[in-house]
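The block underneath contains the structure these notes are about, expressed in structure tokens.
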Amino acid sequence: MEGRANSPGEPRAWPTRSVLCRGCVEPLVFLANFALVLQGPVTTQYLWHRFSADLGYNGTRHRDSCSNHSVDPIAQEVETLTSHWTLYMNVGGFLVGLFSSTLLGAWSDCVGRRPLLVLASLGLLLQTVLSIFVVQLHLHIGYLVLGRILCALLGDFSGLLAASFASVADVSSSRTRTIRMALLEACIGVAGMLASFIGGFLLQEQVYVNPFWLALAVLTVMTLYAAFCFGETVKERTPTRLFTLRHHRSVIQLYVTQAPEKSRKHLALYSLAIFVMITVHLGAQDILTLYELSAPLCWDSRLISYGSAAQQLPYLTSLLGLRLLQYCLADTWVAEIGLVFNILGMMVFAFATITPLMFTGYGLLFLSLVVTPIIRAKLSRLVRQSEQGALFSALACVNGLAMLMASGIFNSLYPATLNLMKGFPFLLAAGLLFIPAILMGILERDNHCPEFQEFSQSP
């Protein structure tokens with residue numbers, strides 16, 4: 001890690017910090033996503049019922065009234081307010097996260113992954129505490145935005161993912177990296193399914209604070225694990241200032257430093273492909289709960305929890321599908337198959353007016369998440385071992401930008417098209433997915449130059 005130290009000569013390494021055990025990073029991702037999925041649909045439903053109460057709208061809708069397709073102007077205003085406040089939270093998180101993710105991710109290349117994991121865990125913990133205050137004390141909704149901003153300042157879930165994926169890249173070989181990344185994403189899915197079922201039962205009586213208390217307990221355990229049990233994967237660590245432009249420069253240099261053209265071209269185009277994938281995934285996720293709450297579906301908390309669990313299931317089925325398909329297909333063609341099923345699922349959502357059709361759409365997404373671990377593994381092979389943190393912090397930035405675009409497009413488009421075609425945002429999502437499909441096909445055709453397949457594992 002030459003050039004990282006503050007003084008010339010051989011860098012001064014930090015002494016190895018004693019930990020209770022040398023735990024892997026997967027439990028952190030599992031616990032973090034468990035807490036987030038537990039809170040996500042609950043926050044949307046809380047906003048819905050909070051605005052319903054403020055506007056005098058009867059939120060307890062019956063099945064027979066849901067079959068009536070006439071538009072209630074008050075219900076439409078509730079949907080619009082819920083969608084817009086979701087947008088405000090995501091925009092606030094992005095604007096702060098754009099600065100903090102790049103700073104903290106590149107910093108972790110020097111000081112190790114643990115400090116970033118601890119900071120991100122504390123940020124998620126703080127956000128949950130503020131959410132509890134809002135629900136318990138009936139505070140202004142703006143405090144939810146404040147919690148989102150404070151969480152982003154400390155790294156947020158995207159920073160935790162950046163450190164986690166970089167940690168996997170630190171210890172995995174080029175051959176096993178794709179499946180290790182998929183395994184990490186599978187932890188996200190299993191945690192999401194479990195949290196969805198538990199969240200549905202906790203919300204039976206619409207006591208919104210209960211899931212937040214459980215999330216607080218989970219995040220407390222996660223923070224302690226990150227601080228005392230995680231086994232550091234960066235072997236040579238050097239004391240480095242946090243607030244310095246060097247960290248941002250190291251991220252920019254990944255894309256602009258003079259290097260063999262093909263390597264940097266692939267870096268940029270794969271980043272674009274994963275940007276579109278995340279935009280579609282997060283955009284659809286943002287409006288699905290709202291789509292299911294309103295007519296003609298009118299799902300209750302139990303059905304929403306089942307739908308949220310089905311939304312997480314592709315993390316697990318994609319891991320199994322990837323493992324099986326790798327025996328007979330190259331990674332790129334596995335990704336193309338996943339994109340086809342993703343497109344089909346979005347098209348079914350667009351025209352779903354009954355519950356069985358919605359679950360058919362969820363079923364078609366069973367291979368939809370093979371794409372992102374494949375792209376992450378390909379990107380990881382394009383940079384040096386000492387640049388893994390910078391790379392995944394750049395991807396965290398891409399994730400934040402995708403979240404902003406997803407919120408801006410889908411949360412604005414959804415209320416705007418309620419009177420025309422309610423499922424139009426899902427049709428747009430299906431169309432956008434052709435972009436990564438085309439990009440990956442082009443890059444695969446041009447991907448046979450051996451010198452860019454793998455850097456040495458040692459710096």
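Placement of Cβ uses the backbone N, Cα and C atoms for every residue, glycine included.
Topological domains recorded in Swiss-Prot put K235 on the same membrane side as L443. Note: H281 (H(+) binding site) has non-local neighbours L369, A406, i.e. same-chain residues 6+ apart with C-beta under 8 A of its own C-beta. Looking only at the topological domain 'Extracellular' (352-355), the predicted model's pLDDT averages out at 92.
Taking the binding-site residues D156, E185 in turn, the residue surrounded by the fewest other Cβ atoms inside 10 Å of its Cβ turns out to be E185. Between the transmembrane segment (26-44) and the listed ranges 141-154, 209-227, 303-325, 356-376, 423-441, the one holding the most Cβ pairs under 8 Å is 209-227.
Recorded stretches compared: 83-108, 178-203, 209-227; the one with the most Cβ pairs under 8 Å to the transmembrane segment (389-414) is 83-108.
Sequence-distant neighbours of N58 (N-linked glycosylation site) (same chain, six or more apart, CB under 8 Å from its CB) are S52, listed in sequence order.
Highlighted: of the candidate stretches 141-154, 209-227, 267-289, 303-325, 423-441, 303-325 has the greatest count of Cβ pairs under 8 Å to the transmembrane segment (356-376). Sequence-remote contacts of a segment are chain residues at least 6 beyond its ends whose Cβ falls under 8 Å from one of its Cβ atoms, and for the topological domain 'Extracellular' (136-140) they are 209.
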